[in-house]
Amino acid sequence: MPKRTDLQSIMIIGAGPIVIGQACEFDYSGTQACKALREEGYRVILVNSNPATIMTDPDMADATYIEPITPEVVARIIEKERPDALLPTMGGQTALNTALALASDGTLEKFNCEMIGADATAIDKAEDRLKFRQAMDKIGLESPRSSVAHSLEEALDGLDYVGLPAIIRPSFTMGGTGGGVAYNKEEFIDIVSGGLSASPTQEVLIEESVIGWKEYEMEVVRDRHDNCIIICSIENIDPMGVHTGDSITVAPALTMTDKEYQIMRNASIAVLREIGVETGNGGSNVQFALNPENGRLVVIEMNPRVSRSSALASKATGFPIAKVATKLAIGYTLDEITNDITGATPASFEPTIDYVVTKIPRFAFEKFKNAKPLLTTAMKSVGEVMAIGRSFPESLQKALRGLENGLSGLDPVEALVGANPSVIEAELARPTPDRLLVAAQALREGLPAEKICEITHYDPWFIARLAEIIAAENEVISNGLPLEAAAFRRLKAMGFSDKRLADLALQSAHLRGLGKAQAKGSGIVHDALQAMTGGVTEAEVRTLRHSLNIRPVFKRIDSCAAEFEAKTPYMYSTYEAPFFGEPVCDSLPSNRKKVVILGGGPNRIGQGLEFDYCCCHACFALEAAGYETIMVNCNPETVSTDYDTSDRLYFEPLTGEDVLEILHTEQKNGTLVGVIVQFGGQTPLKLAAEIEKAGIPILGTSPDAIDLAEDRERFSALVSELGLLQPANGIARSRDEAISVADKIGYPILIRPSYVLGGRAMEIIDGPSQLDDYIHTAVKVSGESPVLIDQYLRDATEVDVDAVADGDDVVVAGILQHIEEAGIHSGDSACSIPPYSLPASIIEEIKSQTDKLARALKVQGLMNIQFAVKGDKVYLIEVNPRASRTVPFVAKADGRPVAQVAARVMAGEKLRNLPEISWPEGYTAVKEAVFPWARFPGVDPVLSPEMKSTGEVMGIDIDFPMAFAKAQLAAGNALPRAGTFFISVKDSDKAQIVEPIKALTDLGIKLVATDGTARYLQSKGVPVERVNKVREGRPHIVDLIKDGAISLVVNTTEGWQSLQDSASIRSSVVLAPVPYFTTAAAAIVAAEAIVAIKARELEVRSLQSYHSMKHA
């Protein structure tokens, strides 16, 4: 049936900030939905609090609301905009829960707004654990034995029926939030208590343990005429018990029999029919567990929306699930929608793939001290990489090197080389992020495959493939690299990188009696070894490979296994040789002038969605300027890896080897103008020198200038030459040197390794003993690089600047004043544009210094500078001549496409000929960071120079305090209007908090404080009650927080011991949860914001209307 004409305007709810379990896959799906609806002529109203998304670009929807995603705020937007329909399936669990609340409280009915895509009944039936189980019983599908509870007492009653171990799954949550596996009663009580708090309906499912069973997912699309197709089957290599988001997965499923597949296919379709009885659900995901012992199949859950797996399935097959689901929601049927990849088939054709896709999650346990790197049913990964190959070994090894965590393939686990079998078995029994590598190492150490399968519950088929890789490794170790082309190609077809082959050849040389230093040295010995092994460095292996005329060919993702020609150039590399003839490359590079943009790879803390945003905008700008845009990336969650973001897409790992092969292919036709490495974060920057060495131009700021800014010694010399202030600093290459430099500078100091992103291993050090403790971890992170030591400017105000330069002119795009003090990582600090309290003279000085630095570094494109302001002095902290994570926020606040302007400048255009960049006028935007503390119980939620946030939100309003309040609400840190606040601040903060705190008591808010703070406030006439510190006896402050008696916490500390003493307070507020502030500056702003929200109602306004105020 044709699209619905009774609808004119449709609202889409986004997913909000990037959090563990809900990441940028929803920007991908939301962007597709916006484009699909506008293509059909509908007015689109978008609500999302995340400024780093493509979907919140002002030209993506007709009305864009960057507002908190709560039922109350969305209800106000509905009242104002009066949409005819609401599409809730593109924004993850956040959108579903919000839509369900709006249906329940009568808002949708009141304003005659219809839910499309999935109605409230379907959502409730899928998300409510009891209703879902009853629905499965009704259609004859088995679920694990289970009991539903709404209280701890009910849960304990249900445990008698279910038994231990038990899996706890809270209702209406995502990413396994609040859930877990309980092996004893104490763990059960603990997990159930957390699960009841995490569930918005205070409901948990207590389920029989199916740990160790095989886990499968089916991605299904259904239309309102009951046409159903399976887009993709996905198999988890990790067994049940590890959240699917944390599992290594493959597509299509590789170990199912055809009979099992057909049973699961039919069951998936039956689930969709039962859950979405009267509506076209669009895309849904159904998860199954299969007992390998007896074939028992149970349904685990269903997501009645596009999901993380939907994004993976879309990228794996080329089938745009979110776009198709959106079209189904407005009335189309599958046979009426054209497959964009082929241009010749309808969407009702089930995709067929003739390759293997592997997804591997990326974790950030190193960011969180005391976090146990164990995987459970609660998701902990922060990103993922996807790789495509013609076989599982090729796909797996490509994915491993695409993770960017130092692996070049199926690398050995050094700690287990030569280990006792009992040690290896104990490590295999622990579900850790690197357990697959441990399994491979177990094979190397001689453990039987059957034993490995018994301990890990990995399917024997996967262990057999690992054994094949290891057999090939052993061949190289024994005999060196093959000098015959067919044998060498077979190695490459198994996914071996040149670097991994060099490492294996080096082991071969080592076996011949030489150490690594001798093998990698130069001269006669090295030349002899190279002749014997084929090469012992990556460059030598590459030379040998090229001499044998072995290069990858590129195949296209076409959704139909080459049955129809693919119209969209979406490609992956393979070394697989055909049975007859030579490998055929389907890349077919064009004869146009072209620019290659390198993406950021898998999301991680410090490098996430913001950089993908910049890469996408580079594509948009350069395409508009007449260039063919070529994107290289390996992240399945992102908009940059959508088939229609760039002209050509290579889904490949971001390593020197893989990128150089792509560039070699593209140079065969047309003109390769250059490569952009500025926009993808640290990942592409690391490749700049290798690309430049290959004779390919780097567009924008030169790699030498980037190195100058990162190299502390060279940079300090430049700063001195320009006459700018910098905190006293020094460089140390040993422990003794670090102690000497610290003594010279004076404590406190800020210490960091060089060449990092996200402040990895940065720390504020207050004394020699803490420095001694730190040095060991810092040196590991630094590798060959020195340790950098800076004077720490305590209580200074940090300022971020984003600027664009073209070699002649410099434009300051935004000056962002941080709310937290200097020393807290800029990515973790709240900030305001325009600055909320900086004097005009300081702003002018910052502009002047920005101009000097841009010219001195010969910046062409984007530049980010961090300053610290103390008194009337401006200190330079660091300069990054590249895109920063604040660029999307600045662009949303300003209304100008900063990244697009920068991309055009990098391609040679001048700023004077491009859209003007100016600051917000008449309103303020505040960015706030979002943290994953709840995912890592036991971790101290303290802010530091090391970045820990996973995402961000934006609050925007005509005045600063209300913008800050909105940002807090959007971040899940809603400021209370009443209640009891706890205050405990260091001596240097006491004077400045008196007035703001007194204003709160005037509004009827009650205060409690520790002894020193209480006595000081009382002396200033502020009514306050004293409460015990934790070490002063009970009841103490943590007891009050746990009892729900505290509504907000302000706790500032000075020195290492004070920080340690207050750790229990910070941990308890995360569990409560209670808003808390650990700096006086943030506490003062929060107090002003509470006064503001008590004085006036929260107003909603579209981004377009704010921008029209500014540009009027």
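Backbone N, Cα and C atoms are what each Cβ position is placed from, and that goes for glycine too.
Source: prediction; values computed, not measured.
Over in Swiss-Prot, the protein carries these features:
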type: BINDING; residues: ARG129, ARG169, GLY175, GLY176, GLU208, VAL210, GLU215, GLY241, VAL242, HIS243, GLN287, GLU301; note: ATP 1 binding site
type: DOMAIN; residues: 133-330; note: domain 'ATP-grasp 1'
type: BINDING; residues: GLN287, GLU301; note: Mn(2+) 1 binding site
type: REGION; residues: 405-587; note: region 'Oligomerization domain'
type: DOMAIN; residues: 716-907; note: domain 'ATP-grasp 2'
type: BINDING; residues: ARG752, GLN791, LEU793, GLU798, GLY823, ILE824, HIS825, SER826, GLN866, GLU878; note: ATP 2 binding site
type: BINDING; residues: GLU878, ASN880; note: Mg(2+) 4 binding site
type: DOMAIN; residues: 973-1112; note: domain 'MGS-like'
Worksheet entry | binding-site residues compared (GLU208, GLU215, GLU301, GLU878) - highest count of Cβ atoms within 10 Å | GLU215
Worksheet, complete the sentence: DSSP tally for the domain 'MGS-like' (973-1112), helix/strand/coil in that order, comes to 74 helix, 19 strand, 47 coil
Worksheet item: Looking at the binding-site residues ARG752, GLY823, HIS825, GLN866, ASN880, whose Cα is closest in space to that of ARG129 (ATP 1 binding site)?
Response: HIS825
Discussion item. Which secondary structure state does DSSP assign to HIS825 (ATP 2 binding site), in the simple three-class scheme?
Written reply: coil
Item to complete: Quick one: of GLU301, ARG752, GLY823, HIS825, which binding-site residues lie within 10 angstroms of GLN287 (ATP 1 binding site), measuring between C-alpha atoms? Sequence order, please.
Response: GLU301
Response to the item:
Row ARG752 (ATP 2 binding site), column other C-beta within 10 angstroms, all chains, value 22
Discussion item. Mean pLDDT for the domain 'MGS-like' (973-1112), rounded to an integer?
Written reply: 89
Worksheet item: Closest to ARG752 (ATP 2 binding site): which of the binding-site residues GLU208, GLU301, GLU878, ASN880, going by Cα position?
Response: GLU878
Practice prompt. Anything within 10 Å of ASN880 (Mg(2+) 4 binding site)? Look among the binding-site residues GLU215, VAL242, GLU301, GLN866, comparing CA atoms, and list what you find.
Written response: GLN866
Worksheet, complete the sentence: Between the C-alpha atoms of GLU208 (ATP 1 binding site) and GLN866 (ATP 2 binding site), the distance in angstrom, to the nearest integer, is 53
Worksheet entry | Listed in sequence order, residues with CB under 8 A of GLY823 (ATP 2 binding site) and six or more positions away | LEU750, ILE764, TYR792, LEU793, ARG794, ALA796, GLU798, SER944, PRO945
Discussion item. I want to verify one value. Collapsing DSSP to three states, which class is ARG129 (ATP 1 binding site)?
Written reply: helix
Fill in: Distance in Å spanning the most remote Cα pair of ARG752, GLN791, LEU793, GLU798, GLY823, ILE824, HIS825, SER826, GLN866, GLU878, given for ATP 2
18
Worksheet item: GLU878 (Mg(2+) 4 binding site): which of the binding-site residues GLU215, VAL242, HIS825 is the nearest Cα neighbour?
Response: HIS825
Worksheet item: For VAL242 (ATP 1 binding site), what is the tally of other C-beta atoms lying within 10 angstroms of its C-beta?
Response: 28
